[in-house]
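Annotation comment: TrEMBL describes His44, Ser61, Tyr132, Val133, Asn134, Ser149, His219, Pro220, Glu221, Thr247 as iminosuccinate binding site. TrEMBL lists Cys106, Cys193, Cys292 with the feature [4Fe-4S] cluster binding site.
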Amino acid sequence: MTDSSLLEQIHKTDGVWTGITADNLWADEVRRLARRRNAVILAHNYELPEIQDIADHVGDSLALSRIASETDADTIVFCGVHFMAETAKILSPEKTVLIPDANAGCSLADSLTAEELTEWKAEHPDALVVSYVNTTAAVKALTDVCCTSSNAVDVVNALPKDKEILFGPDQFLGAHVRRETGRDNIHVWSGECHVHAGISGPSLTEQVHSHPGADLFIHPECGCANSAIYLAGEGTVPEERVHMLSTGEMISHAKTTRQSTVLVATEVGMLHQLRRANPGVDFKAVNDRAACPYMKMITPAALLRCLALGQDEVTVDEHTAIAARQAVERMIAIGNPGSGE
Ligand code: SF4
């Protein structure tokens, strides 16, 4: 099905599919195989530049899941981390969903397991569960309402004030929601994205002070920026310079900003889209080590292998998918779940 000489070069080194250069031959073969499977290639903003460049659509996880549910393609190749591909499967159960490497996990999603949530619920039997979208399908299935960073406050405000709430897994987003809603009956799970624990108060303050006049873009859609949201809310960064933006808004702002420098508090993969949108602006990462190693497991070799062999397929059992879909749909019914590309 594929140029076997290319496929033969692919091997795993240090847990990552490698052995392929992202050249024209690779790009032609990826497109040919995608056409043959009637597949659409979706890439998260934090993917490697060569993966973003070959994808049919680039965006955040929910925007990509919406595109996935509306496409005529038979197969969705989700270049992102596993819980995102699961969400696409939950919303499009009739389609084949492939992820180029099923080991591409998420430290934030892994910080709250279904077993832990079951135990937590047993300790608070009357509480409602609000879970951030960075969770496994099994955790979503035990959740009353999902939320994104953009709508977490609205979701919690929509729930009865006298109800206890279990909020997880991100402790920064939970603290932000507790502060913004003024509720003291929110229990927050102590999970975090270890990758982005590096976007800390000192690094944010130092960058803002050493670039006076620079704008600060914060993308609240992945766990990575939640600590920055918390710090901005605390007043660590001057309010007028802080722009909380979806990835789509970030790209529009990138095109129209009057500043010559923009600090970006999110995963470094986002810089690729911003620099393409406005090459005249110096976009700087608040923390240039804030790179998600799981996102970077989706290599050119992994994508080619995935399309050639139909691996790795993502499945969610029907019972789990139905319950998880309800938690996502309740969120969508409450309000804007955050926008996309
Ligand atoms: S950046 Fe953090 S929260 Fe986002 S996918 Fe990677 S590990 Fe998960």
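Positions of Cβ are set from backbone N, Cα and C atoms, glycine also.
Residues from the binding-site residues list (Cys106, Asn134, His219, Cys292) with a C-beta closer than 6 Å to any atom of ligand 1: Cys106, Asn134, Cys292.
Each residue contributes its Cα atom, and for Tyr132 (iminosuccinate binding site) and Cys193 ([4Fe-4S] cluster binding site) those atoms are 12 Å apart. Cα-Cα distance from His44 (iminosuccinate binding site) to Cys292 ([4Fe-4S] cluster binding site): 12 Å (rounded to the nearest whole number). For His219 (iminosuccinate binding site) paired with Cys292 ([4Fe-4S] cluster binding site), the C-alpha to C-alpha distance reads 15 Å.
When Cβ atoms from all protein chains are considered, those within 10 Å of Cys193 ([4Fe-4S] cluster binding site) total 27, not counting its own. Under the three-state DSSP scheme, Cys106 ([4Fe-4S] cluster binding site) falls in the coil class. Residue pair Cys106 ([4Fe-4S] cluster binding site) / Asn134 (iminosuccinate binding site) shows a Cα separation of 8 Å. His44 (iminosuccinate binding site): 28 other CB atoms within 10 A of its CB, across all protein chains. There are 26 other CB atoms within 10 A of the CB of Cys292 ([4Fe-4S] cluster binding site), with all protein chains counted. Cys106 ([4Fe-4S] cluster binding site) is surrounded by 23 other CB atoms, counting those within 10 A of its CB over all protein chains shown. For the pair Cys193 ([4Fe-4S] cluster binding site) and Asn134 (iminosuccinate binding site), the Cα-Cα distance reads 10 Å.
According to DSSP, Cys292 ([4Fe-4S] cluster binding site) is assigned to coil rather than to any helix or strand. When the alpha carbons of Asn134 (iminosuccinate binding site) and Cys292 ([4Fe-4S] cluster binding site) are compared, the span between them is 14 angstrom.
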